[in-house]
Amino acid sequence: MARTSRLAECATAVNKTNLGRRLLMLTCMKPRLLRLQKSTNDSAWGMGVGLAKCTVKGMVEREYSGGKPVHRVTMKEILSTHFFHSFDFCKDDIERRPSENLGQVLFGERIETSPYKFSFKKEEKCHKLCTKTYVNGKTEDKDMLDFLKRGMQLNYQHHWIVDNMPVTWCYDVEDSQKYCNPGFPIGCLVTIDGRVKDACVINSEFNKKNTFYIFNHVDIKITYHNGEGEGWSGARLVAATLEPKSINNADADKPTCEGPPMEVPGVFTSDVKITYTYSVTFQENNAIKWASRWDYILVSMPHTNIQWFSIMNSLVIVLFLSGMVAMIMLRTLHKDIARYNQVDQEDAQEESGWKQVHGDVFRPPRKGMLLSVFLGQGTQIFIMTFITLFLACLGFLSPANRGALMTCSVVLWVLLGTPAGYVSARLYKTFGGEKWKTNVLLTALLCPGIVFADFFLMNLILWVEGSSAAIPFGTLVAILALWFGISVPLTFIGAYFGFKKPAIEQPVRTNQIPRQIPEQSFFTKPIPGIVMGGILPFGCIFIQLFFILNSIWSHQMYYMFGFLFLVFIILLITCSEATILLCYFHLCAEDYHWWWRSFLTSGFTAAYLFVYAFHYFFSKLQIVGAASTILYFGYTSIMVLIFFLFTGTIGFFACFWFVNKIYSVVKVD
């Protein structure tokens, strides 16, 4: 009972203190601090699951009969700082690496075999893996033990996967709820002043000052669905849970898995001997279907019990504001067009308004080359994002299919070089540009080059740090081959067809002499308008952004793709309407420089994204070290750039359509 109450205290602190956050947030970051993970080979048991009312396609169940091996539990470090064996844990006799898809490699999911082996329906009781001895006075042993203690101090965690399902550590929290954490720490620490840190709150026996407690034993429970009586033979794994324990076995050769906790003193003054053991039990449960076996994990995730009312309230507000913007624009424009078409030409000259700039509104922008390149890349990103989210919503890219989301995104981006080249070339020709070779090269190389350079620099840091998350050189060569071998040629093909097409015909002629722009008020000046333009689009995504950042940096599963797709559609509408509204106000103020402004107005949402990521870094994460900080903001910069191109392109084309539409329905002599 004491242990249960301590667990409840720990879970209660999850949303209130850094202590609970550290317990559930793994190692704070993905590519920066070590995160130990163990998983099975993908070829283990088949996988099929329904997530958030989405069906996973292309997955097949696999039945097992008594005595057949349940696949080996292997090790996996996702974007970690060091390999698993760096901590001197027990190793597998035969180490091997299963095949990994491109998405897994890019995310740093490096899989290795582990010594935890068991067979279906064959229970194990206190099975010994190995014993590690650290001799006082040996420099090598001291360094290894210090490294292990450093891992416990930073709350590094194991993650195991059986049959492509995470092995969870489930415990009771307040209100009789159960939380299932897809990981457990390698150990914990009681500080010199007696403060109990992280997972040490689960046991009142963890109370000795300046002492580390390593979890050297796990009780694994495999729950399966029996096929007898249902027309099929064998069994299917439906749940896998464990309970970590710290046990100091009196006899290392014949462990009993009973005794006081395994203490590792903060000061290395005597020999330390750690024996690693595990137990395995099997439980039949036919109430859980194989297709819904992920439910118990997803239901207990922190973001499934969030304030749904708050999210829906935000969506309703955004939809309401969007409707108001659309209604005001339609009514105001209708009156403007009717007035402009009815008044005499002389009266029209005396009036002010957006019609007065009809001779300058389609004047080519400055830096038209760069704008066309950004729009080409933004179109490529937009189509890639739309298809990826659509497939994810259908269930093809569920969390169970590890690496599928990134693989799909990269492949789609490579194959969508043609639309990027076409849009960039067509717009550049419309702007009157003649350096078509430069345009094509910049479209194919500029933005992807910036992303690759940033990614390569981050990878160099991971290499220097000795991280298992570092992308292998061969994978970098493969990415370059995809880029230059497929994406670049497709971009050239798209640009070829874009330049063959005639320039986009404008509804009005452009005057040879530019019109003087009158003095603008504060709110119609470029910078205030651009800054205000990103507020509303960011308002409709910031709640969802919190969960996305959690899934990236705190290793929490993200599966609400249906809701994310809805937010994606709302973002499109909001970016379009906010840009159109501000563009209309500027045209009414007789400021016709709308090309870049329309792109930057909605694109400025990315600036708010960066500010929010900055806030998230300091308020939600507990990052230590310069390398970790650089990695976080380096990867964040990539996301901000992609989001900038994405939102800017939406705003530009919405405004482009709007300007063409309003000037095509007014009479201009």
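Keep in mind that glycine also has a Cβ here, set from the backbone N, Cα and C atoms.
Since this is a predicted model, take the numbers as computed values, not measurements.
According to TrEMBL, the feature transmembrane segment maps to 308-330 (among others).
The transmembrane segment annotation in TrEMBL covers 373-397 (among others). Long-range neighbours of the transmembrane segment (373-397) within the same chain, counting only residues 6 or more positions beyond its ends whose Cβ lies under 8 Å from a Cβ of the stretch, are 50-51, 54-58, 404-405, 408-409, 412-413, 416-417, 419-425, 427, 439, 442-443, 446-448, 491, 561-562, 564-565, 568, 599, 642, 645-646, 648-650, 652-653.
Sequence-distant contacts of the transmembrane segment (403-428), counting only residues of its own chain at least 6 positions beyond either end whose CB sits under 8 Å from a CB of the stretch, comprise 100-107, 109, 368-369, 371-373, 375-377, 379-381, 383-384, 387-388, 391-392, 396-397, 436, 439-440, 443-444, 479, 482-483, 486-499, 501, 503-504. Here TrEMBL flags 403-428 (among others) as transmembrane segment.
Positions annotated as transmembrane segment by TrEMBL: 440-464 (among others). If you look at the transmembrane segment (440-464), the same-chain residues 6 or more away from its ends with a CB under 8 A from one of its CBs are 31, 79, 108, 369-370, 372-374, 376-377, 417, 420-421, 424-425, 470-471, 476, 479-480, 483, 487-488, 491-492, 495, 627, 630-631, 634-635, 637-638, 641-642, 645.
What TrEMBL records for 476-499 (among others) is transmembrane segment.
The transmembrane segment annotation in TrEMBL covers 530-553 (among others).
Residues or ranges marked as transmembrane segment by TrEMBL: 559-587 (among others).
Outside the transmembrane segment (599-618), and at least 6 residues removed from its termini, the chain residues within Cβ reach (under 8 Å) are 371, 374-375, 529-531, 533-535, 537-538, 541-542, 545-546, 549, 553, 575-576, 578-579, 582-583, 629, 632-633, 636-637, 639-641, 643-645, 647-652, 654. The transmembrane segment annotation in TrEMBL covers 599-618 (among others).
Sequence-distant contacts of the transmembrane segment (630-659), counting only residues of its own chain at least 6 positions beyond either end whose CB sits under 8 Å from a CB of the stretch, comprise 29, 31-32, 361-362, 374-375, 377-379, 381-382, 385, 447, 450-451, 454-455, 457-458, 461-462, 533-534, 537, 553, 571-572, 575-580, 583-584, 587, 594-595, 598-603, 605-607, 609-610, 613, 617, 621, 623. The transmembrane segment feature in TrEMBL is assigned to 630-659 (among others).
Residues 102, 376, 410, 413-426, 429, 436, 439-440, 443-445, 448, 452, 456, 459 of the same chain sit 6 or more residues outside the transmembrane segment (476-499) yet have a Cβ under 8 Å from a Cβ within it.
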